Amino acid sequence: MSSLRPDEARKLATAASVSPLSNCQFCGVVISSIADEQKLEFTNKYKGSCTLLCSYDSQGVVLRVVSDDDRSHVLKEYMIAADTDAAQMGRRSYAVSLDADNLVLRFGSEQDQQLFRKVVENVKHLRPKSVFSQRTEESSASQYFQFYGYLSQQQNMMQDYVRTSTYQRAILGNAVDFQDKIVLDVGAGSGILSFFAVQAGAAKVYAIEASNMAQYAQQLVESNNVQHKISVIPGKIEEIELPEKVDVIISEPMGYMLYNERMLETYLHARKWLKPQGKMYPTHGDLHIAPFSDESLYSEQYNKANFWYQSAFHGVDLTTLHKEGMKEYFRQPIVDTFDIRICMAKSVRHVCDFLNDKEDDLHLISIPLEFHILQTGICHGLAFWFDVEFSGSSQNVWLSTSPTAPLTHWYQVRCLLPMPIFIKQGQTLTGRVLLEANRRQSYDVTIDLHIEGTLISSSNTLDLKNPYFRYTGAPVQAPPGTSTQSPSEQYWTQVDTQGSRNSSSMLNGGLSVNGIGDGMDITHGLMHPH
């Protein structure tokens, strides 16, 4: 699959790293094996001519050999890496050693041979590791791109109505920022944001996607007849080259707690392609942090860890692992949603400016905390959520993951303290949250809290890479003790009031059902008590 026109491919071929030129195909190639190196005798490896499919890979270029007659069946797959031995043979042939095969590739034209030679040379002259590769473990990157290469994962994000509709509204509501402009979509996935940019009048969109989802994005581009507007470029923004600067960068780089997956660094890195005074969509992000009280959640995690406190589990004493089990469970951030009334103080806001902050600023994020406690109770930890703003020329649009806003696939995140602290209304809770980036595309989160004027403090370090997904889909329950009137009496008062109204309607032709009245929904009070 070639996602670039030949002229664009040649422009990108100047990249010092593996460029989008590496995603192309060569038809009518005759492949021979070297049977005798001394006599230079060759034998045809495959019957008839073949097609070579080249595709970008983090290690180089994957070369797939398929028959010209049946491209659905892969005859052989090779990896062209930096240490691959290769040499030109005449004007149309190329010798290459791949795995245990010494091959001669005879191309259908000189141009094809030159283009393939360029593919190999690009791999052999790779730049030093990109910024992304330096900060990311290979296993983590592989898992990450494999995850986002599944259509089901893209569907999960696309079906987040709040997320997708907010992006579309922000882009279409600021069409002046996109009309006849050059746009860069970072981590394009299915390309949905690129399509929104075209809907807003963009002249050209470069959609960068490092996972296998790039091939599906290309299919969508072609089936929607916008290939003249959207160029899908497989690869990482840290490694590819663009033929020009852009007016606008769009992306959806937010993870749990805003920073998880470290995609924000990639988003900031993309600014190297942004023209002066260019736009970023979104423009900045606010991370909100608040202390919370939730005895049920704390007990749930604590009781899980107590599994390891058994001294006779099928005749085996597990207690030696109890301490480690407790530590592991409390190192897990909890991803779910909650009633904001569990928060004991107004949230502290930490701002990330996508237009001006540097990548390095996100390697170690230190957030000072000061909370003025609004209600007496036990603080079990800190709750996190984020908002992002799209600052456009026509209007500003916000996307919120607050517990007071419609639920999104980001939910909210809570980090527990192994040792909760009792705190009174009017006291001040101070401390710090430290987010330390790691090579697993995530953060180690350290929380330190202290009640001002006392010796009471508590701390914990959590692994944001290993969250506990607790959300069940059940309605959020109000915190215990928030009812100021009898819920039973409230409900029956509501029934009496509704019944009285329906009795009045009967005089105008309404019907009575069991003496209650026509059209009355008696479940409403049960489901939504005031």
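Just so it is clear, glycine is given a Cβ too, placed from its N, Cα and C backbone atoms.
Look at Swiss-Prot and you will find 141-450 tagged as domain 'SAM-dependent MTase PRMT-type', backed by sequence analysis. In the predicted model, the domain 'SAM-dependent MTase PRMT-type' (141-450) has a mean pLDDT of 97.
The Cβ of GLY187 (S-adenosyl-L-methionine binding site) lies under 8 Å from the Cβ of ILE208, GLU209, ALA210, ILE237, SER251, GLU252, PRO253, MET263, THR266, TYR267, each on the same chain and at least six residues away in sequence. Residues or ranges marked as S-adenosyl-L-methionine binding site in Swiss-Prot (evidence: similarity to another entry): GLN154, ARG163, GLY187, GLU209, GLU238, THR266.
According to DSSP, ARG501 (asymmetric dimethylarginine) is assigned to a helical segment. As annotated by Swiss-Prot, asymmetric dimethylarginine applies to ARG501, with the evidence given as similarity to another entry.
Cβ neighbour counts within 10 Å, taken over all protein chains shown, single out THR266 as the most crowded of the binding-site residues GLN154, THR266.
Look at the Cβ of each of the recorded positions ARG163, ARG501 and count the other Cβ atoms within 10 Å; the largest number goes with ARG163.
Long-range Cβ neighbours of GLU238 (S-adenosyl-L-methionine binding site) (same chain, at least 6 residues apart, Cβ-Cβ under 8 Å): SER130, VAL131, PHE132, SER133, THR266, HIS269. Cα-Cα distance from ARG501 (asymmetric dimethylarginine) to ARG163 (S-adenosyl-L-methionine binding site): 41 Å (rounded to the nearest whole number).
In three-state terms derived from DSSP, GLU238 (S-adenosyl-L-methionine binding site) belongs to neither a helical nor a strand segment and is classed as coil. Residues GLN154, ARG163, GLY187, GLU209, GLU238, THR266 are the ones the record ties to S-adenosyl-L-methionine, and the longest Cα gap between any two of them is 26 Å.
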